């Protein structure tokens, strides 16, 4: 059975971020994606200038009411949320999650708690971080913070892998069943590897891959692709280990392709065959 995912996050017309990054790779793995855009911008914000608008929160609810009106909401297997244009949008998304789960009690909510990194040029609206801590976290079935977001969610510093596993379990105690720490950064085992953790109440998996050096300008949308692909693999019945290994390899293939083409925007179309069947393999370790 094809899985249907309502993906509520940002959209850029040029390039790849949010839905514009994740939607195609998710489809390439065999999922139906229903993109619902929280913002429509000309390009991602790390260029330093952009045009476009943030969608009114009511717009998100209206679109989903339209899907409910044609009696298709019960076919939705998961809601994925990413970059929010405002905290109020977040409240509407939680209303949508409740509506989807009422129509399909098996549906999952995957929250990618994008909180912004001003030094990276990723800007989020006031109140969004607080929304994720108070409301997004307890409502989610799966949550995917990076290290900075993990520290904000658990409200204390995280300095190494062991502390990251414990912090993830603190989050699990508040609602989600699965936590993906999608970039361990300085808390990882090695400074020259890209490392992730996938944690449940009784399992923890660690994986690492080589860093791909883009110099000063790291491509945007890597986390969006990572979250989207992990959700697809889990919905398709992959184990935690299988999902983590495939996603790590697929994202690495995109990064390597992007670097080889000397591009700044993720080359998801050029890498499409290796997203579905990665040529590299990275082994996850059970902690």
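A Cβ is built for glycine as well, from the same backbone N, Cα and C atoms used for every other residue.
Per Swiss-Prot, the ATP site holds 112, 144, 149, 209, 210, 211, 212; the candidate it also names there, chosen from 72, 182, 233, is 182. When the candidates 213, 224 are compared with the substrate site entry in Swiss-Prot, which names 10, 45, 46, the shared residue is 224. A count of other CB atoms within 10 A of each Cβ picks out 182 as the most crowded of the binding-site residues 182, 209.
Residues 112, 144, 149, 182, 209, 210, 211, 212, recorded as contacting ATP, have a largest CA-CA distance of 23 Å. One residue stands out among the binding-site residues 144, 211, 212 for having the most other Cβ atoms within 10 Å of its Cβ: 144. With a 10 A radius on its CB, residue 46 (substrate binding site) counts 18 other CB atoms from all the protein chains. Using CA atoms as reference points, the binding-site residues 182, 211, 212 were checked against residue 10 (substrate binding site), and the closest is 182.
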